[in-house]
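Trainee: Sharing a structure, written as structure tokens. Questions coming.
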Amino acid sequence: YYLKIPKMRAWIVLLLCLAGKALAAPEGLVAEVEVVEETEEALPVGANPVQIDTGDFEDSEDDTKKEIEVENPCENFHCKRGKVCEADENNEPMCVCQDPSTCPPSSVEFEKVCGTDNKTYDSACQLFATKCTLEGTKKGHKLHLDYIGPCKFIQECIDSELAEFPLRMRDWLKNVLVTLYERDNEETNLLTEKQKMKVKKMYENEKRLQAGEHSLDLLAHDFEKNYNMFIFPVHWQFGQLDQHPADKYLSHSELAPLRAPLVPMEHCTTRFFQKCDADNDKYIALEEWATCFGIKEEDIDGNLLI
């Protein structure tokens, strides 16, 4: 109570009490007033009993203070396949080779993959992690994903079969685009507006062959008669693969999403794409790709890589 009264009023009360100009107060009260005043004068600044004890406050703050979480530098940081992110001594993200044994085991047969070393790997994760650990070696440089599924015997592709391969591939690419067009809607957005405009003409063309098994003669005749319908599908597929980076050249890894599932079903796949690499530089340029599918030089157009 006394600590809420300004010092001047406290002194007036004391003087009145001492002079006997007020009601006589019990001795205990006078003594109490005097003690309080003496205590007020004696206590150092900040040690007033009615103030919150600083020490107790600090202890309480320590008890309730939340521990500051260190930001994970690897969050939203991506490494290429076969590598994982780890924080270095400065808490900066860095990519290191993944231990193949840390890859989750495959649960189904098609998760297994065959490497170009003709060895079956339990998963693509295990293959790329192994390739990373061999980085800088000749074996590691040659190791790639060959195809999806366990390694098996792939029969040799003879010349006559190789000539037939692009006929089926062209027809398949055309029908893939038509199927995407049929299934596209506002929610899925499988195709861009420009792509839809290109495919719409193919979809509305009543003369086109429907998806299915067709004789090689019919496929060859359809390509010759409806040549213009195949120009965009060939460019579209190249554009879908040419992503890392988009430089109008397909590397082995860029080609893999198309090649790897095809090899077990089409035994001429490997030889076909090897033939497409006409200059044998390990990359398939847009011009080489289009030529492989029978597109004329004057119809090869980088602007069609939508």
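Cβ coordinates come from backbone N, Cα and C, glycine included.
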Trainee: Can you sort out which of C85, C95, C114, C125 is the disulfide partner TrEMBL gives for C103?
Mentor: C125
Trainee: TrEMBL pairs C268 with one of C157, C276, C292 in a disulfide bond, so which one is it?
Mentor: C157
Trainee: If I take the alpha carbons of C292 (disulfide bond) and C103 (disulfide bond), what is the distance between them in whole Å?
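Mentor: Spelling it out, the Cα of C292 (disulfide bond) and the Cα of C103 (disulfide bond) are 38 Å apart.
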Trainee: List the same-chain residues at least 6 positions away in sequence whose Cβ sits under 8 Å from the Cβ of C85 (disulfide bond), in sequence order, or say none.
Mentor: P73, C74, F77, H78, C79, P93, M94, C95, V96
Trainee: Across all the protein chains here, work out how many other Cβ atoms are within 10 Å of the Cβ of C103 (disulfide bond).
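Mentor: Here the count is 19.
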Trainee: Can you count helix, strand and coil residues in the domain 'Kazal-like' (96-153) using DSSP?
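Mentor: Going through the domain 'Kazal-like' (96-153) residue by residue, I get 21 helix, 11 strand, 26 coil.
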Trainee: What's the CA-CA gap between C268 (disulfide bond) and C114 (disulfide bond) in angstrom, rounded?
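Mentor: Just about 17 Å between their Cα atoms.
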